[in-house]
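Colleague: To start, I am sharing the structure in question, which I have written as structure tokens.
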Amino acid sequence: MNFSKWVSLIFILNLFCPTLSFSDSSSSSSSSSNGLTEIPKRFLQLAKRPELFDWMVGIRRKIHENPELGYEEFETSKLIRTELDKMGITYKYPVAVTGVIGFIGTGGPPFVAIRADMDALPMQEMVEWEHKSRIPGKMHACGHDAHVAMLLGAAKILQEHREEIKGTVVLVFQPAEEGGGGAMKLMDEGVLENVNAIFGLHVASNLAVGEVHSKAGPIGAGNGFFEAVISGKGGHAAIPQHSVDPILAASNVIVSLQHLVSREADPLDPQVVTVAKFQGGGAFNVIPDSVTIGGTFRAFSKESFMQLRYRIEEVIRGQAAVQRCNATVDFFTEAKLFYPPTINHKGLHEHFLNVAGDMIGIHKVKDVKPLMGSEDFAFYQEVVPGYFFLLGMQNLTRGRLESEHSPYYQVNEDAFPYGAALHASLAARYLLEYQPEVSFSERKFHEEL
């Protein structure tokens with residue numbers, strides 16, 4: 001770091017330090033080290049204030065009562081904009097139909113983004129409580145209502161320190177994470193233009209509240225879907241020699257697809273091919289004309305993922321032909337985007353360890369075992385350095401929480417201060433510690449589109 005950057009860093013820390021004042025100010029640590037270390041601790045204290053905590057809880061419950069599916073989050077977006085207006089935070093809207101992009105700081109580089117998804121799931125809530133979903137067949141069963149509340153909480157903390165922020169924090173309220181490719185649409189509209197890094201989180205019902213879990217490298221798999229129609233010739237089950245049986249062909253296809261992982265994939269490179277759909281025939285004594293099968297395939301590297309895609313189609317067509325059938329294969333490349341693997345940036349992992357360790361203690365910052373689930377945050381990571389982590393919310397003294405996408409899913413709101421403070425701290429510390437040499441044209445984003 002050159003002399004001018006050191007001067008800039010010390011100046012900013014001197015601005016932060018009076019705000020982040022503590023009783024143990026007699027510490028002998030340098031102002032730079034002490035100031036950076038204290039920011040996460042102080043932000044957590046702010047997030048735990050009853051007025052801020054209760055406000056986040058209230059926001060989350062309003063959103064939970066009115067769940068909206070991908071690209072339909074109009075009321076959720078309106079609530080977000082109302083709160084940003086109250087805080088005096090400028091934003092762009094609409095972006096990708098219902099998305100909201102807020103800005104805190106100087107309005108100039110460097111830019112760091114923090115993201116929350118907004119959409120709900122098409123399922124009926126079975127939890128009986130005061131704030132149960134009021135929309136039949138729709139439910140926030142993946143914690144996105146909590147994600148929005150925590151990002152707004154972070155915005156409130158950062159806005160209180162806007163004069164000390166050197167650079168710009170970009171608040172990304174994203175639509176349509178649940179299969180709609182909302183992240184991709186946001187990028188198509190230039191949301192990440194000039195952004196140097198992006199952070200995101202997901203609440204985790206199986207991890208202890210007050211803990212965070214993540215790692216460098218792959219933490220989530222790339223995900224794709226496929227459907228195949230295998231066509232033969234129907235006929236009476238008593239005279240199969242006059243038919244071409246697509247059920248037999250489909251059965252051979254399914255068995256052969258399992259060999260792609262067990263016999264073709266590197267055992268040290270986890271992959272999954274699952275056939276979860278099999279439709280064909282409606283009578284006990286009739287061989288149908290066709291059978292439809294479908295499923296998902298997943299891998300932790302783009303190369304393995306694309307190899308699976310190629311081989312799935314080849315195996316389906318080949319095995320169908322062996323049984324004298326024809327097959328068509330659809331990968332839904334337009335309706336259902338391929339989700340790339342979620343791969344955390346190594347440098348941002350070190351940043352995360354430092355910030356989270358300073359806030360909650362390094363013993364509560366743990367490695368996560370990579371999951372075969374997918375997350376569209378990965379689209380951002382293909383464009384800019386990105387980091388995604390899991391926020392624990394389990395408190396076994398209150399009973400075990402159901403997993404995501406369950407109709408009995410519940411959120412432990414005690415996790416909110418940790419999520420809000422981590423969002424704010426990761427962004428603020430990034431802007432203090434990383435001052436890249438950038439020369440971007442001036443951007444205007446104060447108007448509502």
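Glycine too: its Cβ is placed from the backbone N, Cα and C atoms.
As annotated by TrEMBL, signal peptide applies to 1-21. Under the heading Mn(2+) binding site, TrEMBL lists Cys142, His144, Glu178, His202, His405. What TrEMBL lists as domain 'Peptidase M20 dimerisation' is 226-318.
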Colleague: Using a 10 Å cut-off, grab the number of neighbouring Cβ atoms around the Cβ of His405 (Mn(2+) binding site), all chains included.
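Modeller: So the Cβ neighbour count for His405 (Mn(2+) binding site) comes to 13.
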Colleague: What does the DSSP secondary structure composition of the domain 'Peptidase M20 dimerisation' (226-318) look like, as residue counts for helix, strand and coil?
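Modeller: So the counts come to 39 helix, 31 strand, 23 coil.
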Colleague: Quick one: of His144, His202, which of the binding-site residues has the smallest count of other CB atoms within 10 A?
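Modeller: Candidates: the binding-site residues His144, His202. Fewest Cβ atoms within 10 Å: His202.
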Colleague: Which residues does Cys142 (Mn(2+) binding site) neighbour through Cβ under 8 Å, counting only same-chain ones at least six apart?
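Modeller: Residues satisfying the criterion: Ala120, Leu121, Glu178, Glu404, His405, Tyr409.
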Colleague: At a 10 Å cut-off from the C-beta of Glu178 (Mn(2+) binding site), count the other C-beta atoms across all protein chains.
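Modeller: Excluding its own Cβ, Glu178 (Mn(2+) binding site) sees 18 Cβ atoms within 10 Å.
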Colleague: Using the recorded Mn(2+) site (Cys142, His144, Glu178, His202, His405) as reference, state which further residues of the same chain have their Cβ within 8 Å of the centre of those residues' Cβ atoms, listed in sequence order.
Modeller: Asp117, Asp119, Leu121, His140, Ala141, Gly143, Glu177, Glu404
